[in-house]
Amino acid sequence: MSGSEDRKLILALDVYERERALEIAECTADYLWAVKVNWPLIVGSGLSIITELKQVTGLPIIADLKLADIPNTNRLIASKVFEAGADYIIAHGFPGSDSVGAVMELGKTIIVVEMSHPGAKEFIQPATDKLIELANELEPFGVIAPATRPERVSYIRSKLKPGIKILTPGVGAQGGRAGEVLKAGADYIIVGRSIYASENPRESARMLYEETLGV
Ligand code: 3DU
């Protein structure tokens with residue numbers, strides 16, 4: 001098995017309960033690059049879950065807060081979340097460079113440039129070119145792009161500065177396919193329900209991990 005830094009699978013741990021979250025994270029950790037925590041787990045278990053997940057898995061933790069506020073509020077939230085042990089925070093790009101910059105001053109940041117659901121076509125997709133420009137200017141750790149639309153991942157890759165990573169949610173439950181989106185230029189796939197809601201999360205994570213090998 002590869003070292004965790006070479007892996008391409010991120011677990012989206014969207015459960016409410018602390019015990020369940022820790023159990024799933026622990027049993028899948030061997031196959032993951034990182035664990036992503038979103039609002040469901042934070043509102044269900046509190047911010048300290050970030051610290052606990054880090055201790056239990058030893059993996060990077062991504063806080064998917066999709067921050068979208070004025071710089072001061074983004075800063076107030078992000079500082080507590082980085083303090084809790086988050087290694088990366090996901091922020092929306094549309095509030096502008098000052099709002100994203102406030103997060104970037106505090107730690108590694110991932111900017112949403114497009115989303116994976118059908119409604120993303122209404123407002124976000126028409127703004128994607130501008131959001132890519134913002135990312136190229138600010139040079140965050142990475143951007144979020146849709147695994148449900150591999151052709152958009154190729155497009156985003158072609159416009160994005162080479163060092164900026166592409167993280168893609170939407171594999172599995174939303175219909176995206178791991179191999180396809182990695183071939184299109186994604187660096188990491190983000191998978192939630194196909195792992196945590198399956199009968200055997202460890203085995204589901206193993207199978208997805210196998211799919212990412214050699215792509
Ligand atoms: O559909 P899944 O259960 O595999 O979960 C996907 C996760 O990624 C979930 O936390 C969701 O909030 C997040 N996400 C998207 O699905 C799509 C985006 O564009 C951005 C984040």
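Numbers run from 1 along the shown chain.
Yeah, the Cβs are placed from backbone N, Cα and C, and that goes for glycine too.
TrEMBL: automatically predicted annotations, no manual curation.
Marked as active site, for OMPdecase activity by TrEMBL: ASP64, LYS66, ASP69. Annotation source TrEMBL lists active site, proton donor at LYS66. Residues annotated as substrate binding site in TrEMBL: ASP14, LYS36, 64-73, SER116, 169-179, 192-193. Per TrEMBL, the feature domain 'Orotidine 5'-phosphate decarboxylase' maps to 8-208.
When the alpha carbons of GLY172 (substrate binding site) and ASP64 (active site, for OMPdecase activity) are compared, the span between them is 19 angstrom. Listed recorded positions: ASP69, ILE70, GLY176. Those with a CB atom under 6 Å from ligand 1: none. Distance between Cα atoms for SER116 (substrate binding site) and ASP69 (active site, for OMPdecase activity): 21 Å, as a whole number. If you measure from the Cα atom of LYS66 (active site, proton donor) to that of ASP14 (substrate binding site), you get 14 Å. In sequence order, ILE77, PRO95, SER99 are the residues near ASP69 (active site, for OMPdecase activity), counting only same-chain partners six or more apart with C-beta under 8 A. Residue density at GLY172 (substrate binding site): 22 other Cβ atoms are found within 10 A of its Cβ, drawing on all protein chains shown.
It is 13 Å from the Cα atom of GLY192 (substrate binding site) to that of ASP64 (active site, for OMPdecase activity).
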